[in-house]
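Trainee: Okay, so Swiss-Prot annotates it like this:
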type	residues	note
BINDING	80, 121, 122, 123, 153, 154, 181, 282, 357	thiamine diphosphate binding site
BINDING	152, 181	Mg(2+) binding site
């Protein structure tokens, strides 16, 4: 999609920051209007992160107007609010390609643009990186400004406070803009959210205005003692050493620009608190920012199937109905993980701990020690953030905690920061853990039940984003730990499948007349099955939707080497690279994990 110059005359002129700075201040409200309208037009067609970007239009315009980007560093925390930033930095005519194969990245990416100072996708990293950049600029004697824009719940994560704790002590020249829209993907939770609500309250805002009117403006900004006492209101940020300013209207472009200009050359760490409306300018998104956080397409070919997240949510409700010891935990992913119904039906058994994966896992440890049965729902890519807690606080103590690992494997359009392809490799080495890989939605249901009933340590069920294959959900039964299923009997070739590629593998097995086994468990492996198959076949193929290095195939390799089984093995999975964006089907095709690709990989390997 190209710019419609008649519809967006000012935006078409300001599609670079150099041109943006040529505009008069009086023209900026119209620019903000056109930028918001363009976002509405483009994202409604191309799909993608929607509401967050609408809420930061004025902030984005003001930052590029006041600061000398790209020399000055803008760091967008998490990054799903950066669509306006991309448009204003020369990528507007490509914005319809965002999240698509070979298109613009879903989030800021250093490889894509010099204006993207930090590649992001996960939350709460901006202040730490920004502090490092600020220190580097000071050491080099360069008058480079560093600004971190953080919001959408990212301030609740421990890493953000670790960085503020450091920045408040050393007083490096750093500006943190708190984009306070009262939301992550879901509603913000926790004591910090309550504290921000107090800061936003009418009473404190009125007090703030009265004090400002009583002070000479020049004196207000020159005398640090007056500044701190007049506007801090004992905010947590001022108590941590930041020079707190706000809260101010994050949609008043004139006010934002004036404030930025006044503090631009000030020394020390500032936190500017701006109150915004997620979904600003589009009433449905303003009224329901959770629904409109992302616009996505549903594949009509699987419209009659349940999503794996729905399977999990339904199972959770069934268990909670008869087991009051179940405690379900999510780190700010209630909607995406299929837990909305559960949270309403069983509020006393549900905890949203906000964006705090490390806390979520050790919180579950405390519950397990106390006799409860925690279920932690977590995305594969975010599980990485709680790795030490899993080892030190759960596995080492042999605590029975079930981890429902959503978005495992190829996730698709969110790209390399969100692909859930490392979990098998980083989980498999943990002693005592049980790892299950369902091949369909009913298997997922049975494995969740099996993991929940397992009482000898942690268990993991990893399942993909998207919809199942239409399998009927059967009554819950425990699966024997470490036991696989033969799905097809063939000759000479045995395909050991781990997870959701089973259907694709079946098509390949038919063409090759191969034996196909649904291994079900990555740990413990069904060693008796492998030994049996090794005596009946000449070739082994392992198949998984995850990285080959250290994954399920590596587990098979280790076993056959130790047992002196002299069979050639082909490991099929994802290579040693970060997986780019595209639909799940596109990525599987690129890496030859669709049925034809699997067949060809095996066929050509056998011919060598």
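Cβ from N, Cα, C; glycine included.
Provide an account of the burial state, proximal residues and distances for the features listed.
Mentor: Sequence-distant contacts of residue 357 (thiamine diphosphate binding site), defined by Cβ-Cβ distance under 8 angstroms and a gap of at least six in the same chain, are 331, 378, 382, 383, 385, 386. According to DSSP, residue 357 (thiamine diphosphate binding site) is assigned to a helical segment.
Around the Cβ of residue 181 (thiamine diphosphate binding site), 24 further Cβ atoms fall within 10 Å across all displayed protein chains.
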Trainee: Between residue 80 (thiamine diphosphate binding site) and residue 152 (Mg(2+) binding site), what C-alpha distance do you get in Å?
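Mentor: Cα of residue 80 (thiamine diphosphate binding site) to Cα of residue 152 (Mg(2+) binding site) measures 9 Å after rounding.
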Trainee: Where the record says 80, 121, 122, 123, 153, 154, 181, 282, 357 bind thiamine diphosphate, what is the longest distance in Å from one Cα to another among those residues?
Mentor: 32
Trainee: Would you pick out, from the binding-site residues 80, 122, the residue whose Cβ has the largest number of other Cβ atoms within 10 Å?
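Mentor: Most Cβ neighbours within 10 Å: 80.
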Trainee: Residue 153 (thiamine diphosphate binding site) has how many other Cβ neighbours within 10 Å of its own Cβ?
Mentor: 27
Trainee: Sorry to bug you, but what's the C-alpha spacing from residue 122 (thiamine diphosphate binding site) to residue 152 (Mg(2+) binding site), rounded to the closest Å?
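Mentor: Checking the Cα atoms of residue 152 (Mg(2+) binding site) and residue 122 (thiamine diphosphate binding site) gives a distance of 12 Å.
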Trainee: Tell me the Cβ neighbour count for residue 152 (Mg(2+) binding site), meaning other Cβ atoms within 10 Å of its Cβ, over all protein chains shown.
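Mentor: By my count, 29.
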